[in-house]
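Engineer: Positions annotated as compositional bias 'Basic and acidic residues' by TrEMBL: 1-16. The region 'Disordered' feature in TrEMBL is assigned to 1-27. The transmembrane segment feature in TrEMBL is assigned to 34-56, 76-95, 102-121, 148-172, 193-214, 220-241, 375-396, 419-438, 503-522, 546-569.
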Amino acid sequence: MDEKMEQPISDQRENMDQQQLQLHSPKRRRKGGIITMPFIIANEAFEKLASFGLVPNMILYLMREYHIEAAKGSNILFFWSAATNFMPSLGSFIADSYLGKYLAIGLGSIFSFMGMLLLWITTMVPQFRPPSCVQFSSSCKPASSSQMAILLSSFALMSIGAGGIRPCSLAFGADQFNRRDDPNKDRVLESFFGWYYASAAVSVILAFTGIVYIQDHLGWKVGFAVPAILMFLSAILFLLASPFYVKLKITGSLFTGLVQVIVVSFKNRKLSLPPRDSSGGWYHQKKGSELILPTDNLRCLNKACIIRNPDQDISPDGSALNPWSLCTIDQVEELKVLIRVMPLWSTGIIMSLIVSQNTFPILQANSMNRHIGSFEYPAGSFALFTVGSLFIWVFFYERAILPLASKIVGKPVRLGTKLRMGMGLFFSCMSMVTSGYVESIRRRKAVREGFINNPQGVLSMSAFWLVPQHCFTGLAEAMNAIGQTEFYYNEFPKSMSSIASSLFGLGMALASLLATVIISTIDNATSKGGKESWVSNNINKAHYDYYYWLLAIMCFVNLLYFFVCSWAYGPCKKQVVMDARNEPNGLKDEEEQDLITLGNKFVDEENGLKVNGLKENGLKVNGLKEEEGLPKSKDLNA
């Protein structure tokens, strides 16, 4: 993962090269390398194992120990999820601009441990919880303000900790293997990524099984103590290896550069734009950049890179004297690319909302027969079917589906990123349709079996009727989430890879906030006049099926919205390259590389590219031949 930078990455390439030479000089050869791998991977693995292990059963802890209603408890968890998904973006900015990745991970580990320790203390100190009572009885007292403050403080500390660890861990690990004089650098780095993701996957599986099982059978005291101990080990192991780490200097955040474009374009809003047919010289060009003119879309942003007075705006080395008064063409174009993908990004919010529906399914599973022979399957472990479906799809997609399809067609086949995103949205719709259907059956059975006033009663209906909806959710996440992330990395310039990794987390945060609005609105609207709320504590009187049907309708509307956004966006860059590659005359290797390089600029733009090095005889792209290269990337979309 690339370092986030205030200016686009090539602005500071020379500085980075000098840092690498200094860090890997003979005097410092012991820094970094494979010796750091176990400590970084252990830190991330233990953090995931601890934090993910707390999530599934937390709604039960809130309802049983704090006497919180199902709707309110769900909202608390959605707010916690929103904070946990938003903080990595903020943490990444702080790490790149002020702290550095090492301090961010170290402090994040400490904050996460403090949060889990505080949560465990709530199970040990009776005064930190309301008095015990029979659940759902009128004698139950609600938690006091101070008791809720302690509980919410533990959630806040864990979210802050996640904001330090999650955005920096993988990038910090990559820094340890970025030794320029190591011929095995790529192989070792690939091995690190493999072990990193494998350990993360194993951690999630163990969290949804082992930690949840401990909470169900040994109680909250032991069940919350184990994550706290794991987080303590995570922090200690990471800090122990401090002398061996490569710690790059702070270079600044790309987010700052994007904000600068907005600020400067607003300050220059009264400036007139140069004529469309004007040559270079009007705009501030980054040293070494191929962009000599900004593109014509969103022309108001072009005012951010207009040079008003060369003597006052430009330093002798060609850089801007004040980056808050003059931006480069590259900065402007990066913001335009980000704005262009936002409609497609917004279609993933509803899908993220569906994936985050993990509170009500646990209440459903808790009211159903979960036995497999003499073994009782934990209610909180049904999320394992979501994770399992995701892993199975990824494995078979890469190892079976694509090779078989390529063999049948006779050429390499791969599903496009937008197609996979759309398929994921469709499966999210199917997940909610299935959830509503299963819940309507479960509720009718509860009424027939006489549990209408006994929400703690266990039905004869098997809880494994819930498996299909979890599988659909796993497929939705496998296609849409992975496809969405790959789409950003393909469409963005390399310098924006850090933002690409943050967009999905921001979508999850907004989805959690949207979920709280939906649940609160439904609860208030359906409980008027003394009626039973759709999301009532009494799962047998409530109508969770209606809630799922409403989400299903939202999913289908969102799917139509995705079709519109996808059509408006046009073809992706990889699709353009594949179209050219499949032409009857094909492309030579050099020509294909030139096309990919050009495609990695701004595929949909009208002008602004200065293309060097293209073949004199031109490229044949979809039947179009250019004698002097391809000055307009729009031609590639023919």
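Note: Cβ is positioned from N, Cα and C throughout, glycine not excepted.
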Engineer: Under an 8 Å Cβ to Cβ limit, what residues of the same chain, 6 or more beyond the ends of the transmembrane segment (102-121), are close to it?
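Structural biologist: Beyond its ends, the transmembrane segment (102-121) has Cβ neighbours at 43, 47, 50-51, 54, 91, 94-95, 128, 150-151, 153-169, 172, 221, 224-225, 227-228, 231-232, 234-235, 238-239, 242, 245, 247.
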Engineer: Going along the chain, which residues at least six beyond the ends of the transmembrane segment (503-522) come within the CB cut-off of under 8 Å?
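Structural biologist: Counting only partners 6 or more residues beyond its ends, the transmembrane segment (503-522) has Cβ contacts under 8 Å with 71, 74-75, 78-79, 81-83, 85-86, 88-89, 341, 345-346, 348-353, 355-357, 481, 484-485, 488, 533-535, 547, 550-551.
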Engineer: Six or more residues out from either end of the transmembrane segment (419-438), which same-chain residues have a Cβ under 8 Å from its Cβ atoms?
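Structural biologist: For the transmembrane segment (419-438), the sequence-distant neighbours (Cβ-Cβ under 8 Å, at least 6 residues beyond its ends) are 344, 347-348, 350-351, 354-355, 357, 361, 364, 465-466, 468-469, 472-473, 475-484, 487, 545-546, 548-549, 551-552, 555-556, 558-559, 562-563, 566.
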Engineer: Cβ pairs under 8 Å only, please: of the recorded stretches 34-56, 76-95, 148-172, which one is richest in them relative to the transmembrane segment (375-396)?
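Structural biologist: Per the Cβ count, the answer is 34-56.
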Engineer: For the transmembrane segment (148-172), which stretch among 34-56, 220-241, 546-569 has the most Cβ pairs under 8 A?
Structural biologist: 34-56
Engineer: Which listed stretch (76-95, 220-241, 546-569) has the most C-beta pairs under 8 A with the transmembrane segment (34-56)?
Structural biologist: 220-241
Engineer: What residues elsewhere in the chain lie close to the transmembrane segment (220-241), defined as a C-beta under 8 angstroms and at least 6 residues from its ends?
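Structural biologist: 35-36, 38-40, 42-47, 49-51, 53-54, 57, 61, 65, 105-106, 109-110, 112-113, 116-117, 119-120, 123-124, 211, 214.
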Engineer: Please indicate, using numbers and ranges, the residues of the same chain that are 6 or more beyond the transmembrane segment (546-569) and have a C-beta under 8 Å from a C-beta there.
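Structural biologist: Here the qualifying positions are 340-341, 343-344, 346-347, 350-351, 353-354, 357, 360, 418, 421-422, 425-426, 428-429, 432-433, 435-436, 439, 518, 522, 534-535.
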